[in-house]
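Below is one structure, written out as structure tokens, with a few remarks after it.
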């Protein structure tokens, strides 16, 4: 079952790559140095979570 999932993931990325559009990783999805695309505009890849997140939504503690 894992092999089928991996095949489906690779096929999806290949289809998106051949579509000719600018492909990016949306918020909440996995990212990292092994990915061949970056997070969408306004998002950053947090290394400890390996996910694309928005920097504007970080809650701050009020003391």
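Just so you know, glycine gets a Cβ as well, placed from its N, Cα and C.
Under the heading signal peptide, Swiss-Prot lists 1-19.
Residues near residue 24 (disulfide bond) in space but far in sequence (CB under 8 A, at least 6 apart, same chain), listed by position: 37, 38, 39, 40, 41. Summarising the annotation, Swiss-Prot assigns disulfide bond to 24-40 (among others).
Residues annotated as disulfide bond in Swiss-Prot, with similarity to another entry given as evidence: 31-45 (among others). Secondary structure at residue 31 (disulfide bond), as computed by DSSP, is coil.
Look at Swiss-Prot and you will find 39-52 (among others) tagged as disulfide bond. On its own chain, residue 52 (disulfide bond) has 25, 26, 27, 28, 29, 31, 39, 40, 43, 44, 45, 46 as residues at least 6 apart in sequence with a Cβ closer than 8 Å to its own Cβ.
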Cβ-based isolation winner (fewest other Cβ atoms within 10 Å) among the disulfide-bonded residues 31, 40: 40
Residue 39 (disulfide bond): tally of other CB atoms within 10 A of its CB: 20
